[in-house]
């Protein structure tokens, strides 16, 4: 299979777009990654805001430049608020992104993710097991960990992207970004990124911001994956363990 | 206009009061800044506790030395618990502080903040847009970001402070602390502080602790603003980006 | 009284068991320590997942290798989900651990902790005041801070451990781990650990993981206490305040 690749020039251009446009991102995300997600968006020059009360979520989704829906610690209250936010974003023609954390194994979120799929998310970001479970081709991972490789998930991702008219990011050792017609492969990064909570969820937030940028959306998303992978490599070189990886990663993103 | 200023000796005295009295602060704050808020209070020698269940919040507000109400991720459940905590703090004559995050734009929290205003918060801490929106003189900021300068907000803050009999902190490039009669100006700090989530919310928690100290309350609040700004300057000098700013900031506060 | 002690060889063995078995830990914990808890588990080689919706919590507790119940920011919704998770863990014969944060003073959580006691937690981890309050021999601490020493709490802990057939960790200057018959004492650590939010809650998560390991459970729990204390000592030596303590602590755990 033939994949598009990306150049350093293109990556730099997306970096610059983040700081010039500074998209305001409405994050409806899980309890575990709230701070890290906000700091990742701030580091790349975007403006995060977490708004969760149903009426406010509906109102804010139309004001913000993009909405992130991450089902990591879904509850029925949050589900109601997320639904309103998605309807509102669609009505206001704002992009919204689904992060289907641990979909497959857990029934409540799996049902909700399938419901959201019908509302045509602008983009979806998950690990290989999550994307396969969302596409109905596997049972999901072990908790939040993937049991499959991005290569395993690519055919299902491409088919699902065409079916739902969305862009899908499978993140892992190689990230694939596909709309079902074009597929971009992004190499790099480091396994230590899976030993720090929130790097995947943070990528989903950054992908939401990428969807709010002008220009080639698939390319902006791919460049965002590259920005995160490169920051992970720099942080890995400078850190002495998973603890110092965190500030080093944000430092690399913010420079 | 003539502003009071503060001396290093005064700032040191407030620092010492924090460690001697170690006020126990009941934080009802947003999902994004819980950890950072707790670590900021611990770093300056105070004792944080987050208690949110309505009955417990009511009970704990009377036990703690001060209560922080931050509406960043307000929900109707939290609103009920916050109401009970405020009633309880007032009844027990304990100080309580309002942080009206993103007030103005979002209706649910705006209505709640106006309700709380009538209950005479001991102090209020917000950015310029938030203070202006609370006073009814603007529509609020862009998400959690201010679109105004502290100078823009000062007349409205002074009028509101007199009307509600409270002390208001407008934080920004210059912080102003006013009770409507006296106004203290605090310079310093660094713009990087706005690129790390929770520095403003953390200041509100520290201001709550300042309200629990003996002595000149307006001065203790102003000194607390200075303590945070100085820690921000030290952290900026020692950090290599927004990531390492965070541990450096807490290190500076804890030394 | 005669206490067992542990050797470096034993501690190393438990460390190795964490990385070999990588237990999947279902954390139902408080709002303040979610990220730090996840990063602590990841640092020692375990796999954390936070699942809180009642149906999902019930389902996941049977899949995971252990369940942590921490009542720090208990609400009635979370109480319902925790109950289902505990029933499910018991039914599936999976270990579950109670962290009775601030039990004693606050009535809602105190009642719930007493209810959970009757369900025979595999282990309980608290500070001295919490363990004494749980055993009914004191009124609890000051917020989340202990007003007693581990020595004060040991007789009550030993009696409670026998009564409920559980293992109890009293953490403090010395940690005691007891099943009411054997008692292991773990020295070390540093007071700075009480000035960073979440070291105690993180220990409870690690203790949950220890309960999921093969071998002598009491010894694995004690070794886990030692692993945390030793990481605290290393971090204290390398840090410049409470801020840099956090990444240094995780670095020490992850190495």
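Cβ atoms are placed via backbone N, Cα and C, with glycine included.
Nobody curates TrEMBL annotations by hand; they come from automatic prediction.
Annotated features, as they stand in TrEMBL:
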type: BINDING; residues: A:50, A:198; note: substrate binding site
type: BINDING; residues: A:125, A:171; note: ATP binding site
Chain C, Cβ under 8 Å: which of the binding-site residues A:50, A:125, A:171, A:198 qualify: A:198
Cβ neighbour count within 10 Å of residue A:171 (ATP binding site): 28
Subset of A:50, A:125, A:171, A:198 (binding-site residues) with C-beta under 8 Å from chain B: A:50
Residue pair residue A:125 (ATP binding site), residue A:198 (substrate binding site) - Cα distance, angstrom, rounded: 13
Residue A:198 (substrate binding site) and residue A:171 (ATP binding site), distance between Cα atoms, whole Å: 13
Secondary-structure category, per DSSP, in which residue A:125 (ATP binding site) falls: strand
Spatial neighbours, same chain, of residue A:50 (substrate binding site) - Cβ under 8 Å, 6+ residues apart: A:26, A:27, A:28, A:29, A:34, A:38
Other C-beta atoms that fall within 10 angstroms of the C-beta of residue A:198 (substrate binding site): 26
Coarse DSSP state, helix versus strand versus coil, of residue A:198 (substrate binding site): coil
Neighbour tally for residue A:125 (ATP binding site), based on other Cβ positions within 10 Å of its Cβ: 31
